[in-house]
Amino acid sequence: MVRKWLYSTNHKDIGTLYFMFGIWAGMVGTSLSLLIRVELGNPGSLIGDDQIYNTIVTAHAFIMIFFMVMPIMIGGFGNWLVPLMLGAPDMAFPRMNNMSFWLLPPSIMLLISSSIVENGAGTGWTVYPPLSSNIAHSGSSVDLAIFSLHLAGISSILGAVNFITTIINMRPNNMSLDQMPLFVWSVGITALLLLLSLPVLAGAITMLLTDRNLNTSFFDPAGGGDPILYQHLFWFFGHPEVYILILPGFGMISHIISQESGKKETFGCLGMIYAMMAIGLLGFVVWAHHMFTVGMDIDTRAYFTSATMIIAVPTGIKIFSWLATLHGTQINYSPSMLWSLGFVFLFTVGGLTGVILANSSIDVTLHDTYYVVAHFHYVLSMGAVFAIMGGFVHWYPLFTGLTLNPYLLKIQFFTMFIGVNLTFFPQHFLGLAGMPRRYSDYPDTYTSWNIISSLGSYISLIATMLMLMIIWESLINKRIILFPLNMNSFIEWYQNLPPAEHSYNELPILSNF
């Protein structure tokens, strides 16, 4: 048993490990978010001062991004589905795949350690100096967080190399790149983004580490450094990172929508590929829209404003192609279809607030208010998470060979839908009214919307626990699937359910008609 899981070189077993790790980390991250909302449910302090509050906020962000969304989307779905969809026997480097996973538990341990030693890293996930320098954060907390990020980064880079190699080298003989499934494309582009952006983050946090411990002054004006340099380096990673979090979701939603619509491929398949490539490319040239308030030139701000708005074009292509895929079908409101429809609608709402924030003049006012929080939680908490949930209920029969209870799944979907919207929609109003981020207390005038927001988070918690209960119910009742009802253009369903330890004993042949 230990050998099977500790030394595994099988992409399915490693994918399952990623799922279990991601679900566990997701529960930790959810607990932290509940602490935040409990603190903000009423004016006045509940947990303590702003230091402990910001430590919770920082840990919540890091855990949700690096230990929940990325392991589940790229590690879980990516490992499980990419080889199956390509007809490959496994990933290109199976042992490196195992190492990618086993770097994550030590990494999350370092992160949790960082928040329980000294005063914790109360810097926000951006870790800006001088707040993160040894003047403001004297203990070892920030150093531990930096090491944690290094490990998570190494894990992601190795995984990215693995996926890129697999996708380039392990396709069937006649399969051209434009014939690859959209999910494989999305993971490939995501891997490329990881490979190009993470080394920049590694450089930035290494310089921060030496600033803190070796008396260098990369980010210290007293020695000729500049904290703005850190911001540029961080956001050059940080902006592609948010596209890394959503792109695999795009791929999953494309598959779910085309399959649930009974269509053999998504509308505008090639356009979808080019749209994802455009999003990936543009994601690298818009980073300074996170820094409109640091005093850049007017022409610089004009460029970053317009470049950011251009990203709305390929994103719109994807939204309308999904709607066109749905067009003309009798929509069957299955659980995975509900998640996909919720994704398309709420991701669009999140994208619209993003276009508003792209205006540098408006952003000067809205920067660091709850409007920004509402924006990125709409695209993450209702984009990435809805895609994860939709993908999970869609491919769960493939992964386990069992069925989930569809009636309970629908109840769970609507509970979660109400919960997340009730949590994050009022935050737009709070932001427009000027409530700043990263504070544990607020003036009484913001009380009512905060109470509603906190209420929504409690509903989301109930929905999350209901989901765990549904999975548990499925695992103990073992309703085994006899045969899949899937279309023949989705080759991952050609397997036994669940697939054999080695899925392809001979290479598939692609026939062109």
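Heads up, the Cβ atoms here are built off N, Cα and C, so glycines get one too.
Cβ neighbours of GLY44 (Ca(2+) binding site) (same chain, under 8 Å, six or more residues apart in sequence): ASP441. DSSP assigns GLY44 (Ca(2+) binding site) to coil, not to a helix or a strand. The annotation Ca(2+) binding site is assigned in Swiss-Prot to GLU39, GLY44 on the grounds of similarity to another entry.
Residues within less than 8 Å, Cβ to Cβ, of HIS60 (Fe(II)-heme a binding site) and separated from it by at least 6 positions along the same chain comprise GLY29, LEU32, SER33, ILE36. Summarising the annotation, Swiss-Prot assigns Fe(II)-heme a binding site to HIS60, HIS377 and lists similarity to another entry as the type of evidence.
Long-range Cβ contacts of HIS239 (Cu cation binding site) within its own chain (separation 6+, distance under 8 Å): GLY283, PHE284, VAL286, TRP287, HIS289, HIS290. The DSSP secondary structure for HIS239 (Cu cation binding site) is helix. Annotation source Swiss-Prot lists Cu cation binding site at HIS239, HIS289, HIS290, citing similarity to another entry.
Feature annotation from Swiss-Prot assigns O2 binding site to TYR243.
According to Swiss-Prot, the feature Mg(2+) binding site maps to HIS367, ASP368, an assignment based on similarity to another entry. DSSP assigns ASP368 (Mg(2+) binding site) to coil, not to a helix or a strand.
Long-range Cβ neighbours of HIS375 (heme a3 binding site) (same chain, at least 6 residues apart, Cβ-Cβ under 8 Å): GLY350, THR353, GLY354, LEU357. What Swiss-Prot records for HIS375 is heme a3 binding site.
Annotation source Swiss-Prot lists transmembrane segment at 16-36 (among others).
The transmembrane segment annotation in Swiss-Prot covers 62-82 (among others). Here the transmembrane segment (62-82) has long-range neighbours at 11-12, 14-16, 18-19, 21-23, 25-26, 28-29, 32-33, 88, 91, 97, 100-101, 104, 107-108, 111, 125, 145, 148-149, 152, 156, 159, 163, 166-167, 183-184, 187, 190-191, 194, 241, 244-245, 248-249, 252, 380, 384-385, 387-388, 391, 395, 398-399, 492, meaning same-chain residues at least 6 beyond its ends whose C-beta is under 8 angstroms from one of its own.
Taken from Swiss-Prot, the feature transmembrane segment covers 101-121 (among others).
If one looks beyond the transmembrane segment (144-164) by at least 6 residues along the same chain, the residues whose Cβ comes under 8 Å of a Cβ in the stretch are 58, 62, 66-67, 70, 74-75, 78, 82, 91-93, 96-97, 99-101, 103-104, 106-108, 110-111, 113-114, 117, 121, 123, 127, 187-188, 190-192, 194-195, 198-199, 201-202, 205-206, 208-209. Per Swiss-Prot, the feature transmembrane segment maps to 144-164 (among others).
If you look up Swiss-Prot, you'll see 182-202 (among others) marked as transmembrane segment, on the strength of sequence analysis.
Marked as transmembrane segment by Swiss-Prot: 233-253 (among others).
The annotation transmembrane segment is assigned in Swiss-Prot to 267-287 (among others) on the grounds of sequence analysis.
Taken from Swiss-Prot, the feature transmembrane segment covers 304-324 (among others).
Here Swiss-Prot flags 337-357 (among others) as transmembrane segment.
Taking Cβ pairs closer than 8 Å, the transmembrane segment (379-399) reaches residues 15-16, 19, 64, 69, 72-73, 77, 80-81, 242, 245-246, 248-250, 252-253, 255-256, 259, 335-336, 338-340, 342-343, 346-347, 349-351, 354, 409, 413, 416, 420-421, 423-424, 467, 474, 481, 484, 492-493, 495, 497-499 in its own chain, all 6 or more past its ends. Summarising the annotation, Swiss-Prot assigns transmembrane segment to 379-399 (among others).
With a cut-off of 8 Å on Cβ pairs spaced 6 or more residues apart, the transmembrane segment (451-471) and the transmembrane segment (267-287) reach fewer than 3 such pairs and are scored as not touching.
The Cβ of ASP368 has fewer other Cβ atoms within 10 Å than any other of the binding-site residues GLU39, ASP368. Panel annotation: around the transmembrane segment (337-357), residues 246, 249, 253, 256-257, 260, 289, 308-309, 312, 315, 319, 322-323, 331, 363, 366, 371-372, 374-379, 382-383, 386-387, 389-390, 393, 410, 413, 417, 420-421, 428 of the same chain, lying at least six beyond its termini, place a Cβ under 8 Å from a Cβ of the stretch. Take the transmembrane segment (101-121) and the stretches 16-36, 182-202, 233-253, 267-287, 413-433: counting Cβ pairs under 8 Å, 16-36 has the most. Ranked by Cα separation from TYR243 (O2 binding site), the binding-site residues GLU39, HIS367, ASP368, HIS377 are led by HIS377. A contact between the transmembrane segment (267-287) and the transmembrane segment (182-202) is present, since 3 or more of their C-beta pairs, 6 or more residues apart, lie under 8 Å. Note: HIS377 (Fe(II)-heme a binding site) has non-local neighbours GLY350, VAL420, THR423, PHE424, GLN427, i.e. same-chain residues 6+ apart with C-beta under 8 A of its own C-beta. Contact between the transmembrane segment (233-253) and the transmembrane segment (182-202) is supported: at least 3 Cβ pairs lie under 8 Å, counting only residues 6 or more apart in sequence.
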